[in-house]
Amino acid sequence: MAPGTAYIVGILSVGLSIVMQPLHAQVTLDRKPILRRKPQGENAEVSHVTFQTGEYDTLDSYMENYAGLPDLTQFTICVHIKYHRIAENNTLLSYFASGNDDELTIFTNSLEANTLQLYCCGDRVRNYVHYPIRLYTWEHLCISVDLSTKRLTVVLNNEAKEYTLRENDDGSSSSEPLVIQGGGRLVLGQDLDSEEGDFSLEQILACEIADFVIYDVVLTADEMKSFMSCKNSIPFEPIIYVDREMTTLQAVGDTDVSTIPERELCVKDSGHNILFPERVTFKDSVAWCGMLKGKVVLPANQEENIRVYDKFLPFRDACVDSWRTLYYFGAIRNTTTDKWTSYYDGNPIAWENFDVQWNKISNNYGCAAVASLNMKYTWYAIPCESAMCSACNFTSPPKFLIRGLCKTSLLDRTYYLNDYYNGRPLFEGEEHGRIFWNNGTWELRSRRHSGLFATMEVKNSKAYPFGRKTWAIFGDKCDKTKLDLLLTPCSKGEYTCNTGHCIEKRQRCNIAIDCPDQSDELDCDVVNIPPGYNPALPPPRTSGKPLSLAFSFRIITIKEFNLVGFTVVLDAVTSLSWRDSRLTFRNLRPDYHVNEVRRDGQLWKPQLLIRDGARSAVDLEVRSDDLYAMAEDAALPDDVTILSEGNTRV
Ligand SMILES: *[C@@H]1O[C@H](CO)[C@@H](O)[C@H](O)[C@H]1NC(C)=O
Ligand SMILES: *[C@@H]1O[C@H](CO)[C@@H](O)[C@H](O)[C@H]1NC(C)=O
Ligand SMILES: *[C@@H]1O[C@H](CO)[C@@H](O)[C@H](O)[C@H]1NC(C)=O
Ligand SMILES: *[C@@H]1O[C@H](CO)[C@@H](O)[C@H](O)[C@H]1NC(C)=O
């Protein structure tokens, strides 16, 4: 106010009347026709959130609601979710109200045999639903709850299941009707242990979610299924939802909010495609994809062709060859018919997109690849000896196991190929590890434990960590700092070659080469002789009993029977069997004849002395003396701390 001016103050007196709302009243909302949050149809975009976008897992990654939930007696939650990693409890949603952290909590638990758990109403309700967690796949989930009728409906990937809400029977049950109290704090992606948060890394959600919505009504199973099929025909407006404008939920920390085409969520599975940016021939592309149990890509229609191309175009610099092509297709020329056929089954290919000028199928142009520059999406016939990238198609993200880490190691043992880092594929650990190309080496790093990492000895810049490699380990709980580890894509019944290739277990030590590096025929001993084993000493007694020895003497032929000289000449086979508790065994097969022990002199053997009637030694000519190991039981469970598979023990 400038000096010299005057002002007047008016004093107003008013009467206040406060209307008391009945406590816990059910809020009835006007059912307005839905204002579509998003456009519908072919090009519809939906909200998309990625939690835990940083290099390390953090407590600072979540979404928070600041508009407040009303009191709820009915609700439905729908979301498309794609897990990246697994924490002990993966908290989708957590709501703290009336001093209670379990006013509403929904999480999946990885320890309790993959359950989805729903706690609500001040911990009065606890429900467990079977829910196997799959990584890197869109899962479509709706949960609807009616607290007055105690109905819970879970729709997972189009399959609906009904449950009755289970009240917590720890004596806290009350006759009050069940209700979720309004006015609290709602968080997605972390578990509220108090109103302040008190988050824990064991309760984070490392995933992508799309089109997250909460309705204050119970949806029908059909309405929920329409959400999953992306033909969303839900006639209600959600009370809470994710959108880029952050109308009802705000992103905090390492959390990225964007949109994605809805059709990405709902397209039929067209395979999981990974590109390896090293240039090789067609034959090597087939071998490379095959080693990881995949096939060279072969799009079945235009949409797949576009999707794969767009995904792999960023690798153009690494992949383009002199033909200006990027990657091979799994199609080859059939020399009889001169037609394009699938390399894998010999059938004519379902779809093709050849350039009119460069479709000259011939002896020299017997392979197909996609053009890199001007001729986007177009195919060329090219020589199979050209060198370009391997684009592989898998039915699900390729999964690998690391063998050879010690029991107490904190490093992840299971990894998936799904993304890229520094221009090469990235192996994401199931819990917190990742293996990535960095500074000329492969590095294995924990997102959880800082200072815990390993680096691979790289002998060739094109090398991948598959198979048996030497790693330097830093900051782990084991005393070894240098270890041979085996990163294997092989399944249970298989043996991993040192190169990473899988062969059947029965091909191991079968006196035929099956691995490219012959490693299947190395180290074929069937006994492990422990340090300090003394072959001069018999096996120690077990539980006070003397060593039991089974003996058989089988006469094959009687060659001479001399009554005058009192001599007999026999051909016989003797067999002795015993247990030596000091030894462990491996690579044992059911037919003991193939389990020959080639460690003469290193093992204790009983001495066989044959005497005649006059107690004098007989003349013995030993023709052969062989030792075999015989399996008594099924093999012990596989032990991943041992480098190679099939370390059985008897
Ligand atoms: C995970 O949830 C279970 C209940 O299913 C609970 O007992 C356990 O303590 C939770 N673990 C963590 C790390 O929060
Ligand atoms: C990947 O494989 C699946 C299953 O065989 C097939 O349907 C799909 O067309 C393939 N996709 C590509 C890009 O090769
Ligand atoms: C080529 O096509 C002919 C005729 O369909 C078929 O009999 C033959 O098996 C095919 N050859 C290969 C290698 O697939
Ligand atoms: C890259 O590796 C070299 C040795 O291999 C090392 O001296 C250098 O510090 C590393 N650089 C980074 C950024 O890690």
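Placement of Cβ uses the backbone N, Cα and C atoms for every residue, glycine included.
Here the candidates are Cys478, Cys490, Cys524, and TrEMBL names Cys524 as the disulfide partner of Cys509. In TrEMBL, Cys515 is paired through a disulphide bond with Cys497, chosen from Cys490, Cys497. According to DSSP, Cys509 (disulfide bond) sits in a coil region rather than a helix or strand. Of Cys490, Cys509, Cys524, all annotated as disulfide-bonded residues, the residue with the shortest Cα distance to Cys497 (disulfide bond) is Cys490. Within 10 Å of Cys502 (disulfide bond), counting CA to CA, the disulfide-bonded residues Cys509, Cys515, Cys524 contribute Cys515. The predicted model assigns the domain 'Pentraxin (PTX)' (46-266) a mean pLDDT of 92. With the fewest other Cβ atoms inside 10 Å of its Cβ, the least crowded of the disulfide-bonded residues Cys497, Cys515, Cys524 in this structure is Cys524. Of all the Cβ atoms in the protein chains shown, 21 others lie within 10 Å of the Cβ of Cys509 (disulfide bond). When Cα-Cα distances from Cys490 (disulfide bond) are compared across the disulfide-bonded residues Cys509, Cys515, Cys524, the shortest belongs to Cys515.
Distance between Cα atoms for Cys524 (disulfide bond) and Cys515 (disulfide bond): 14 Å, as a whole number.
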